[in-house]
Amino acid sequence: MDLLIVLTYVALAWAVFKIFRIPVNQWTLATAALGGVFLVSGLILLMNYNHPYTFTAQKAVIAIPITPQVTGIVTEVTDKNNQLIQKGEVLFKLDPVRYQARVDRLQADLMTATHNIKTLRAQLTEAQANTTQVSAERDRLFKNYQRYLKGSQAAVNPFSERDIDDARQNFLAQDALVKGSVAEQAQIQSQLDSMVNGEQSQIVSLRAQLTEAKYNLEQTVIRAPSNGYVTQVLIRPGTYAAALPLRPVMVFIPEQKRQIVAQFRQNSLLRLKPGDDAEVVFNALPGQVFHGKLTSILPVVPGGSYQAQGVLQSLTVVPGTDGVLGTIELDPNDDIDALPDGIYAQVAVYSDHFSHVSVMRKVLLRMTSWMHYLYLDH
């Protein structure tokens, strides 16, 4: 484009010299040359500032690392590598034996606990009846002891000291039986009264454990979180998969919008507004230009973020060298859909300022696209 402008200016200058018969000497030639330098430089500077361009752009994709929620040996892996997978389809399975065994054991424990509750209720009824019986016997023995005691206070005592002592001991022994029966009844009642939301606490605990065990059993089948595809599937049956967030075993690429992430000079920030028109060219599609819209400007420069590390930190980058990130959403296009995710691109954004100069940027971008046909491999 620069050469085209220069040639156009040379042609116009030649025409002016011929039409107006301007004498050709060192002064007129110098004036024409300097005029061309200022004109071309001014146009290029206006274009660069008002219609930003960057060659640092990429068809961005968000990947989901797949990590199992439970640990086990892989028994089955999907064969849909690099193919569209619907949400909920199986990605891989883990050996479920020990998780199924825990579910079975907890179900048995829950059934036993439920039966034990019925047994406790029966024992409580029996303890209440026993308490009533031994209490009645205690009352009878107490009256008998009182009778012996009153008789011993009469002028003529009809009872011997041994009879009185036996009556007293019988009463005390029966009273101890009553206290033991009441304690047993209270213990059973305490076990039955340990309630959570109207249900016996042991039953609630076992139900919660069973729910967790069933969840873990379900997690032995790892499914697609959404529509998308998996690539570079390296796990095989027999692989040990651990529930560690730092050790994903598969990468899932969900379906998402055609989005380009571009890094612009910080000088261009005032001319980058969401909603501006944008054009994108790809190295893989020479000669083609794709239209889109600038949708957002990231509110932070990546190199300016810091994390607490317990030590003093300096700047991570030289200020001004790290670019501003913007996202461009492309119009629907089958050629773009066929491109691999992550492929590189070049982007131009057209602002409302000096819109007539945008023609230069558009021509330059198309020339860049055609230049992608030219490369050498050695």
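Note: Cβ is positioned from N, Cα and C throughout, glycine not excepted.
Membrane topology taken from Swiss-Prot puts G275 and Q309 on opposing sides.
Under the criterion of 3 or more C-beta pairs below 8 Å, with sequence separation of 6 or more, the transmembrane segment (233-253) and the transmembrane segment (55-75) qualify as touching.
Same-chain residues lying 6 or more positions outside the transmembrane segment (281-301) and placing a CB less than 8 Å from one of its CB atoms are 59, 258, 260, 266, 269, 272-275, 322-331, 333, 335-336, 339, 343-346, 349, 365-366, 368-373. Here the transmembrane segment (4-24) has Cβ contacts under 8 Å with residues 32, 35-36, 39-40, 43, 360, 363 of the same chain, all six or more residues outside its ends. Long-range contacts of the topological domain 'Periplasmic' (48-54) within its own chain (CB-CB distance under 8 A, at least 6 residues past either end) are made by residues 262-265, 267-268, 271-272, 323, 346-351, 353-354, 357-358, 361, 364-365.
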